[in-house]
Ligand SMILES: Cc1cc2nc3c(=O)[nH]c(=O)nc-3n(C[C@H](O)[C@H](O)[C@H](O)COP(=O)(O)O)c2cc1C
Ligand SMILES: CCCCC(=O)C(=O)O
């Protein structure tokens, strides 16, 4: 038994900080409840940016399904497991990260906050959690890398129709210290998005627009006039080429030959696709439905996770996103086979309200919730989180034991 009289952890430290501030009459800067945080972010964003951030494909059915799927799994905690010292570290693509959480790639963040991806990089650096940067970032990947310093970062690639641009993006990512290429597969075209269509809103022309494309030499070469002089032409060109619906599994070899960096495929929901990914010798997959933004009526990402994880076993690493809001959601995703999760909209809510501090505060709260919930379920490390921890619930949340 430990002879220490007190223990500490990221979760307890954060609780104490919030309660001590409370004693001095100081409320937390952001709502702690993710639903209230979302509503607070809505207050500070204009209607069109909000519609883009918060919206999903079509009826929003898949976005709701993502959340509902978490409620169909219940945790059964174990007692007296000696959980005083908890270790949240995990190995991803050969590196150790502080906790199984990353910032998901979100494009055009200048519509959410003027400091955009630079603020998110600062938040990732403060918390020492990995950032996955979108190709469609408003700031160049080099500027974002400088803001993050030596923290872990992956580059999300939209694999478009212009091979020179794709090769240039990958080369720049290698040169500026990104340690993996995440290829997003589920956005061969942008889906039918009611709110953006009603608002007649494409975010790419707003704020700083697509700074990461605009700073790309191959992208600039493809234009008649520089994007600074003719941003509309640049955006139209981007819209025509950013993704390539003609791609097939056979094309992956081209990308494999282009870079030695690990490749992770984002947007996998089907076990057959997961097996193809393993056969194609990529390094990982992200089980995701793009936060419900692409196929209206698609299955919840969490429902896909256990089947996909079983299909690939230990051959490649499995990650997860779409609907993560709380520590218990992360535990459920880990128990169902994910090695780590990506968080999307919630950090944008923090960013909208309070820039880098807001994004890092939101993620710190989630990390703290994860740490405490991990211990409360009887786990001391991420390895302890297994499927035994979960029971399947019926539609009312009841469980047969
Ligand atoms: C406003 C917005 C922009 C996004 N942009 C990208 C992107 O550029 N590249 C990408 O791979 N995924 C993008 N995504 C999807 C996220 O990476 C992630 O899959 C999704 O947000 C996870 O779901 P969650 O928001 O429920 O956490 C975007 C999502 C949102 C909300
Ligand atoms: C071309 C960038 C698309 C951004 C994106 O992935 C989304 O809006 O969901």
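Note: Cβ is positioned from N, Cα and C throughout, glycine not excepted.
Worth saying up front: this structure is predicted, and the values here are computed from it rather than measured.
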TrEMBL annotation, glyoxylate site containing 193, 290, 293 - matching residue among 19, 52: 52
Pick out which of the binding-site residues 156, 184, 322 has the most other Cβ atoms within 10 Å of its own Cβ. 322
Helix, strand or coil at residue 105 (FMN binding site) [DSSP, three-state]: coil
Determine, from DSSP, whether residue 290 (glyoxylate binding site) sits in helix, strand or coil. helix
Over all shown protein chains, what is the count of other CB atoms within 10 A of the CB belonging to residue 107 (FMN binding site)? 22
Maximum Cα-Cα separation in Å among residues 52, 193, 290, 293, which the record lists as binding glyoxylate: 13
Which of the binding-site residues 52, 193, 290, 293 has its Cα nearest to the Cα of residue 105 (FMN binding site)? 290
